[in-house]
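S.K.: The disulfide bond annotation in Swiss-Prot covers Cys29-Cys151, Cys109-Cys128, Cys133-Cys138, Cys210-Cys247, Cys234-Cys351, Cys405-Cys424, Cys734-Cys769, Cys738-Cys776, Cys750-Cys884, Cys805-Cys814, Cys1009-Cys1014, Cys1084-Cys1088 (among others). Per Swiss-Prot, domain 'ITAM' is recorded for 611-634. Residues or ranges marked as N-linked glycosylation site in Swiss-Prot: Asn134, Asn235, Asn347, Asn399, Asn927. Under the heading region 'Binding to the ribonucleoprotein', Swiss-Prot lists 516-533, 588-605, 592-603, 611-625, 1121-1134, citing similarity to another entry as support. What Swiss-Prot records for 756-776 is region 'Fusion loop', and it gives similarity to another entry as the kind of evidence. Marked as motif 'YxxL' by Swiss-Prot on the basis of similarity to another entry: 615-618. Per Swiss-Prot, signal peptide is recorded for 1-18, and the stated evidence type is sequence analysis. What Swiss-Prot records for 19-487, 649-1104 is topological domain 'Lumenal', and it gives sequence analysis as the kind of evidence. The transmembrane segment annotation in Swiss-Prot covers 488-508, 628-648, 1105-1125, and the record cites sequence analysis as its basis.
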Amino acid sequence: MGIWKWLVMASLVWPVLTLRNVYDMKIECPHTVSFGENSVIGYVELPPMPLADTAQLVPESSCSMDNHQSLNTITKYTQVSWRGKADQSQSSQNSFETVSTEVDLKGTCVLKHKMVEESYRSRKSITCYDLSCNSTYCKPTLYMIVPIHACNMMKSCLIALGPYRVQVVYERTYCMTGVLIEGKCFVPDQSVVSIIKHGIFDIASVHIVCFFVAVKGNTYKIFEQVKKSFESTCNDTENKVQGYYICIVGGNSAPIYVPTLDDFRSMEAFTGIFRSPHGEDHDLAGEETATYSIVGPANAKVPHSASSDTLSLIAFSGIPSYSSLSILTSSTEAKHVFSPGLFPKLNHTNCDKGAIPLMWTGMIDVPRYYDGIHPFTVFCVLSGPGASCEAFSEGGIFNITSPMCLVSKQNRFRLTEQQVNFVCQRVDVDIVVYCNGQRKVILTKTLVIGQCIYTITSLFSLLPGVAHSIAVELCVPGFHGWATAALLVTFCFGWVLIPAVTFIILAILKFIANIFHTSNQENRLKSVLRKIKEEFEKTKGSMVCDVCKYECETYKELKAHGVSCPQSQCPYCFTHCEPTEAAFQAHYKVCQVTHRFRDDLKKTVTPQNFTPGCYRTLNLFRYKSRCYIFTMWIFLLVLESILWAASASETPLTPVWNDNAHGVGSIPMHTDLELDFSLTSSSKYTYRRKLTNPLEAQSIDLHIEIEEQTIGVDVHALGHWFDGRLNLKTSFHCYGACTKYEYPWHTAKCHYERDYQYETSWGCNPSDCPGCGTGCTACGLYLDRLKPVGSAYKIITIRYSRRVCVQFGEENLCKIIDMNDCFVSRHVKVCIIGTVSKFSQGDTLLFFGPLEGGGLIFKHWRTSTCQFGDPGDIMSPRDKGFLCPEFPGSFRKKCNFATTPICEYDGNMVSGYKKVMATIDSFQSFNTSTMHFTDERIEWKDPDGMLRDHINILVTKDIDFDNLGENPCKIGLQTSSIEGAWGSGVGFTLTCLVSLTECPTFLTSIKACDKAICYGAESVTLTRGQNTVKVSGKGGHSGSTFKCCHGEDCSPNGLHAAAPHLDKVNGISEIENSKEYDDGAPQCGIKCWFVKSGEWISGIFSGNWIVLIVLCVFLLFSLVLLSILCPVRKHKKS
């Protein structure tokens, strides 16, 4: 066994040398301090250290909160250890012995009666440690319990334990008072009545930490309850220990006292402590696969001075996984046991010589109710090249993501609100934020407008009022802003710029004319090309006669040479010549008619009448004329005003509002009216028309409203999905059957064991084993560190529905229709023909947090014969017990001569949750909004518009106009208030007071308009009396007076909206903003443009006449500058 011990020692020492000695302990805090004596707890597993150094371990804290003094007292432990006998060469039950000694340990988790309660009242912390040891080394586990007030007092502090430094980090969750489980906030409660009152009842698996508190008294005889609960036959002689366990649930709770009969949380913990007494293991990362060597059963004396053995143990060697601190049960006085390298007997089916754990960690199932999910608010301000944003939520933010922002991990809490700051690097696109199940959009266009206004106002800071008034007009994005700038520049500096620009244009035209035309109107470029061609022809010799070598001037002359010279004749006078070059050249010198061809060419040329050219005309243009400048100035002002009015409101992308003029479109009913279109699931649709009789002057109002899609699924709740760590442990002993010993993993919820018993090969036994055919190698697989990660629901049926309302004259009808269903009235038929969806019957919906946050769609979720690593492998259904996965792999025992056998497993070791998270992008996801759910049904609306409905609307032409034409409903309008800004940025919200008389209900639409254009509408069902309607719109200008309108009628008074500025921009909910509105109103025409221009001009100067004065000053300055640069030409008197 000596060589094996040295190998284990090396494997334990090496990680200590390589790891850093500073470790993090995270304590999760809710962001409000609730009533009651709540405490929070955190713990951290530390690397192994030599057993001899544990006697000097004392926790030392630098935290501002004092540590409870009673933990500084020394606790006497009976240390039980084992050693091999010198006279035994082979392993057997008698080859080793136990030794009991008394040791003093300081700072272990020996809690006194009322210590936790006193620490809460005195605002002190409890810092202690547990030990998991073998015969050589110990792994400390440091615990810290603090009152919940510490969450408000501290952010971090440092604790020293031996050679290690632990950084305590207080991390606030988004939960108000509850515990964060599966990404949800829940409140464990012992009262089922209060659970039903507060919300949805559910069962959750929660982590719990328990400490034994020794106290004498008849009410603290813990084994009396053990006998009642587990039908034990133990008597008080064998089990005299008195005390109770004090537990903290979920890392944040009031103390729970175990056992307490009327608290089922307490009884759940009590059951876990005595059925699975070892609790969760203390394995570090990388210790999932380990080996034990069982030495054998042993007895020890506790205390060391006892006359007989009082405690049964099992000696082992290998990696320590479970606590080595326990309490002897056979004494009324608390006898503390420290057993490095030995498992104390914690199973109480046999009553004698047992112990109970000093500390216990595990999972219990408790009922709960959910904390509500609150809506959030987000706004952004311009910061450098990007934007700085803040999100708030009253009840906390459980998730916040943005595809174009860097979401900060630093959270701040203000009273009951949680604040999250994040930075967006780009503002050229709108910022989309997903938070608390909502999708909101920050329109960054307004941020850019604000930056523009700020810059222009800063440049002209001498007149800030004037600069701001002009800046808010210039900074409107798109063509409208450029048109505004052109209009102002033309008005102020047109008298200088018009002649200057004209001069530049004339210079360019004259340059072009000079290039392409001569004074005789001949194309100069063509002339140059012709001369180049002639010179090229001369260069290559084509104008030279082949016989006489004379260079001709015209092609006709060359042709005459080609006829006469071969016949020995002069081509000019036809005289006979010798057929040689010299004779011809001598004759040409004396010939009198060599100019014959040149004279013929001159006769064919006729004189042309020359007219003044383009260049001369451009030179004579009088661009300095005051008449020309005034005419162009007036023309440009009118043209730019029209262009400005036409561009005064941008047309946003569908499916949102399109600006139009006042009124409602009309349709003559010659034939049936049919509409066929597709509609995204997040969009509303409003269709409004005035149907007219083509034969007579009769009409009737039609108003159709289709609300956004509601997705409803009937589900079967599959339960909670867990993540866990799979451990592979080898337990070897040289003698005895495999069933002789109880291994610690037997009490794990999910475990599987394969035994190799009584091996007959020498190669599978170490050298100190007694021989062939003895001993056992037990290969154990078990799951620990179980953590609930999500809730799964299987879709049984799915339904897509929309609410349809129709106002036909005075007839008002509504109905909720499904896919392949229709709304049918006497004149109108609205049908959903089909739906394009990514959901189907049999799919499984998995939520990793609150249902409001959306989830994943699984097409192949395993509900039966689940193997470890499948989706749904570790489940806890509500109507069944804990479901463990199958482990389909096979074991193999690896043997080497004279060494301990090692188990190998060829199956999957990665949990299904970890596999899903590694490939999460391959799964379809969905977002939810307006969530309603029960155990059997879930309903939500899709904020992303990922689904589509095929809608068909049919209105028959057979309408009884005589009986339906008159609508008795009377509507009165009044504008109450306005919020927001004009322009195409964030927009404005107009509050309208609408009164309805003469009929009980009326479905119609209220618009937000100025004198020329309407910028938004809201479809609303009015009831008799006074109604408050809020209408949102985008657009308008500084002169717009926004009014509430119904058809052609508007409220008598209007209100001005604020100018877009550098203020914060709030996010807009996509569900509220996604709507398609079609009322057939005409587009803005020329008359509308002039009305809009007049309203703007009157508005820009209304209340700020200094702007007009400043503009006129600039105009006068330009006139003076014109007179200096372009003086009037003086004409001489005749």
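Any Cβ shown, glycine's included, is placed from N, Cα and C.
How buried are the listed features, and what sits near them?
M.R.: In the three-state DSSP assignment, the secondary structure recorded for Cys151 (disulfide bond) is helix. Listed in sequence order, Ile27, Cys29, Pro30, His31, Val33, Val40, Tyr170, Arg172 are the same-chain residues six or more apart from Cys151 (disulfide bond) with CB atoms under 8 A from its CB.
When secondary structure is read from DSSP and collapsed to three states, Cys109 (disulfide bond) falls in the coil class.
The secondary structure of Cys133 (disulfide bond), as reduced to three states from DSSP, is extended strand.
According to DSSP, Cys210 (disulfide bond) sits within a strand segment. The Cβ of Cys210 (disulfide bond) has 26 other Cβ atoms within 10 Å, all protein chains considered.
In this view, Cys424 (disulfide bond) is surrounded by 22 other Cβ atoms within 10 Å of its Cβ, with every protein chain counted.
Counted within 10 Å of its Cβ, the other Cβ atoms near Cys734 (disulfide bond) come to 23, all protein chains included.
Spatially close to Cys776 (disulfide bond) yet at least six residues away along the chain are Phe732, His733, Gly736, Ala737, Cys738, Lys740, Asp755, Tyr756, Gln757, Tyr758, judged by Cβ distances under 8 angstroms.
Reduced to three states, the DSSP call for Cys750 (disulfide bond) is coil.
Counted within 10 Å of its Cβ, the other Cβ atoms near Cys805 (disulfide bond) come to 20, all protein chains included.
Taking all protein chains in view, 28 other C-beta atoms sit within 10 angstroms of the C-beta of Cys1009 (disulfide bond).
DSSP assigns Cys1088 (disulfide bond) to a helix.
Neighbour count (other Cβ atoms within 10 Å of the Cβ, all protein chains): 15 for Asn347 (N-linked glycosylation site).
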S.K.: Quick one: Cα separation, Cys247 (disulfide bond) versus Cys351 (disulfide bond), in Å?
M.R.: 25
S.K.: Just the number: how many Å between the Cα atoms of Asn134 (N-linked glycosylation site) and Cys734 (disulfide bond)?
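M.R.: Distance between the two Cα atoms comes out at 19 Å.
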S.K.: What residue among the disulfide-bonded residues Cys884, Cys1014, Cys1088 has the most other CB atoms lying within 10 A of its CB?
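M.R.: When each Cβ's neighbours within 10 Å are tallied, Cys1014 leads.
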S.K.: Would you kindly give the Cα-Cα distance separating Cys424 (disulfide bond) and Cys138 (disulfide bond), rounded to the nearest Å?
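M.R.: Between the Cα atoms of Cys138 (disulfide bond) and Cys424 (disulfide bond), the distance comes to 49 Å.
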S.K.: Would you mind ranking the glycosylation sites Asn134, Asn399, Asn927 by how many other Cβ atoms sit within 10 Å of each Cβ and giving me the lowest?
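M.R.: Across Asn134, Asn399, Asn927, these glycosylation sites, the one with fewest Cβ atoms within 10 Å is Asn399.
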S.K.: I'd like the Cβ neighbour count for Cys247 (disulfide bond), meaning other Cβ atoms within 10 Å of its Cβ, all protein chains included.
M.R.: 26
S.K.: Could you tell me the C-alpha distance between Cys1014 (disulfide bond) and Cys734 (disulfide bond) in angstrom, no decimals?
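M.R.: Cα of Cys1014 (disulfide bond) to Cα of Cys734 (disulfide bond) measures 91 Å after rounding.
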S.K.: When you tally the Cβ atoms that lie within 10 Å of each candidate's Cβ, which of the disulfide-bonded residues (Cys351, Cys769) has the highest tally?
M.R.: Cys769
S.K.: Helix, strand or coil by DSSP: which one applies to Asn927 (N-linked glycosylation site)?
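M.R.: It is coil.
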S.K.: Want to know which recorded positions, from Cys750, Cys884, Asn927, Cys1088, are within 10 Å of Asn347 (N-linked glycosylation site) at Cα; which are they?
M.R.: none
